[in-house]
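Colleague: Sharing a structure below in structure tokens format, with a few things to ask.
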Amino acid sequence: MATVNNVTEIILLGFSPKQDVQKIISVMFLLMYIAIVLGNGLIVVTVMASKGLTSPMYFFLSYLSFVEICYCSVTAPKLILDSFIERKIISLKGCITQIFFLHFFGGTEIFLLTVMAYDRYVAICKPLHYTAIMNRRVCGLLVGAAWGGGLLHSVGQTFLIFQLPFCGLNVLDHYFCDVHPVLKLACSDTFLIGVLIIINGGTISVVSFMVLLASYVVILNSLRTRTSDGRRKALSTCASHIAVVGLFFIPCSFVYLRPCVTLPADKIVAVFYTVITPLLNPLIYSFRNAEVKNAMKRLMRRTVIW
């Protein structure tokens, strides 16, 4: 039976019905978005331009920073532009497209963080075999697998939403389209599709988190035999990654690892994994890493001289 959609556009309520409040929020988002693009863009350019940042860790970091820019760009520009429009609307096709790219880049980021944890495990637990195991070909395959995993996850979520008919309510109490709020707009029973959406997103989150957890349990266990200086250096490189994992996984788990219901706090929680994590990513990785800071300084000096 063909899916019937009488709804052609969706109204986004945003953060506040008051236009003045919405404009203030949009200015804040604009400033944060500029900082995200510049900060993560600087990391990408620094890794690409610096001969000293050739290890797999920085290779993965550059891709993570690129994904952060893309991920934030799915939602932030729309919110910023909507502050200048009284009626904030998005077409149904545009809404589903936004869901696709949101979960594509979000899923890719989860897999990249898992790959980075594996990289730290090999570097710390098998240092003598690190360059042989994490060679250029393997790193390229791991990044390709992260993109492929994100694509499969996103296609699954989007396909499930495509099965739903939208023929009634078209008001979305959010500032972007996501699976749980959009499910509420469907004019059919969404229980089964809701369960499949949770399984799709939940399986990726739980499996990735278990791999991350296992990696760091093994790493911490292996550090017991190291010298205090070796432990400090290893923990320093791991601490940045753990901080980003926590900032991304905790709010994502709150939203996606539960029954398909929407809560008033969802909009605030969504800000953490769509904006705050990409914003803090450059600060966490550059300020705690002397090699990245020195490479950025050299890049700045070369830019000024040119």
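Even glycines carry a Cβ here, placed using N, Cα and C.
According to TrEMBL:
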- 24-45: transmembrane segment (TRANSMEM)
- 39-285: domain 'G-protein coupled receptors family 1 profile' (DOMAIN)
- 57-76: transmembrane segment (TRANSMEM)
- 96-118: transmembrane segment (TRANSMEM)
- 138-162: transmembrane segment (TRANSMEM)
- 191-222: transmembrane segment (TRANSMEM)
- 234-256: transmembrane segment (TRANSMEM)
- 268-287: transmembrane segment (TRANSMEM)
Colleague: Tell me, roughly as an integer, the mean pLDDT over the domain 'G-protein coupled receptors family 1 profile' (39-285).
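Modeller: Over the domain 'G-protein coupled receptors family 1 profile' (39-285), the predicted model scores a mean pLDDT of 88.
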Colleague: Might you confirm whether the transmembrane segment (57-76) is in contact with the transmembrane segment (138-162), defined here as three or more C-beta pairs under 8 A between residues 6 or more apart in sequence?
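Modeller: These two segments touch.
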